[in-house]
Amino acid sequence: MEASPALSRIGLAGLAVMGQNLALNVAEKGFPISVYNRTTSKVDETIQRAQDEGQLPLFGHYTPREFVLSIKRPRSVVILVKAGSPVDQTIAALSDHMEPGDCIIDGGNEWYENTERRIQEVSNKGLLYLGMGVSGGEEGARNGPSLMPGGSHQAYSNIQDILEKVAAQVEDGPCVTYIGEGGSGNFVKMVHNGIEYGDMQLISEAYDVLKHVGGLSNDELAEIFAEWNRGELESFLIEITSDIFRVKDDLSDGFLVDKILDKTGMKGTGKWTVQQAAELSVAAPTIAASLDCRYLSGLKEERENAAEVLKEAGLKEEVGSLAKGIDKKRLIDDVRQALYASKICSYAQGMNLLRAKSVEKGWNLNFGELARIWKGGCIIRAVFLDRIKKAYQRNPNLASLVVDPEFAREMVQRQAAWRRVVGLAISAGISTPGMCASLAYFDTYRRARLPANLVQAQRDLFGAHTYERIDRPGSFHTEWKKSAQKINAGVGALN
Ligand SMILES: *[C@@H]1O[C@H](CO)[C@@H](O)[C@H](O)[C@H]1NC(C)=O
């Protein structure tokens, strides 16, 4: 289709695979869409796909002007280009032809402050703006992603009907909701990705323990993960993990998973999550541990060298002797429970980070709704998110998922298994930083009294930072050294 017969409902610029798939998804839902990319072959490719996939109402354009003018007013233009300056360039090229009331929707993994800057910039031209997190990868974009739009509420209303059709559908509605003002949509997507880091790390630790302590083969692992996917852990990541263990290598013998270099890549959203947690004084140790593990995984050569050096220094692998006496069935069941409990703590951290930001920015985030729109389409989609939704529905001001009565009961039921797995892993010398971080988070958060009194005493001793007391109000300072010297002198005299 060369020229559109009528004006399109919406436009999309940036036709890499994600963009093409999202455009086809929109067209398939019956909304005529205009598409544009500077590289004309991308436009042709998309038109071809729209034809092949059933004469979908998709119209290609080759100049920004022609593209913008082909869209019905008020115009909504989704851009899906690399985050950062490509977004600014695309906005510049398109906004020249746009009119007051029109809207730009950035669907990339953008830093939320860039979105807030752009909201200001385009408002000078009377344009509206949305920063919309899109999760689900290429497959999700085509068949139903989870969408996290934040920014202008008016702009959201203009395309709400489209977004609700395009998003993944779960039993309690489409996986999209208006997130809040400003860069909230990007921020929520960023934390989603941080949680995703945590989930993947925890799963990889479960794998490590089952493989090295339990001695499970890839076939057994595939079975176990498939079984877990029929219970409380049912989720996209558990499901694909099961699939991964089944794939044979087509370049040599054995399973493909065993041939993959143990170095994890990353694109930055996990790092941003941990940075934001630190900025907001929110503890997010499980997510931080996942990030640290990616960094350490990158040091492949150093790790190989360290393994050599420590072996020469006399370090023995404890795994072999431990594995002999292991009750496989029990280990598998324990690891399942440890994984589940660790996951609850990781989500508690992510949710609390979101809450701290929501308070700081006045976003008024609805955590039950966030859990709901993550139930489908996105990478962390899981049955268990329905429980989180319900926990926040029961109590929108929940201090932590850990103290929701249902989750609290589940954690208590699982803690013996959780401690056994972590203890066993530590004895075996198999690092489980995510599970350990979650357990330490749980054990720190649940204790009414911590050794922080000693840290306060130290701070008061060397810096006169003062301390509070448990038995009376006010702030106190003590001449610790003088008091200690007096006592030492007394003790000396006694001797
Ligand atoms: C068009 O395609 C190229 C190459 O695939 C990409 O780098 C560019 O950002 C795309 N987007 C736009 C709006 O031109």
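Here the Cβ of each residue, glycine as well, is placed from N, Cα and C on the backbone.
Predicted automatically and left uncurated, TrEMBL annotations should be read as such.
Checking the candidates Asn109, Asn124 against TrEMBL: the one annotated together with Gly14, Leu15, Ala16, Val17, Met18, Gly19, Asn37, Arg38, Thr39, Val81, Lys82, Ala83 at the NADP(+) site is Asn109. When secondary structure is read from DSSP and collapsed to three states, Glu196 (active site, proton donor) falls in the helix class. Within 10 Å of the C-beta of Met18 (NADP(+) binding site) there are 21 other C-beta atoms, taking all protein chains into account. Cβ neighbour counts within 10 Å, taken over all protein chains shown, single out Asn37 as the most crowded of the binding-site residues Asn37, Thr39, Asn109. In this structure the alpha carbons, written CA, of Lys82 (NADP(+) binding site) and Lys189 (active site, proton acceptor) are 15 Å apart. Highest Cβ count within 10 Å among the recorded positions Lys82, Lys189, His192, Arg294, His465: Lys189. Between the alpha carbons (Cα) of Lys189 (active site, proton acceptor) and Asn109 (NADP(+) binding site) lies a span of roughly 7 Å. The Cβ of Tyr197 (substrate binding site) has 27 neighbouring Cβ atoms from other residues within 10 Å, across all protein chains displayed. According to its DSSP assignment, Met18 (NADP(+) binding site) is helical.
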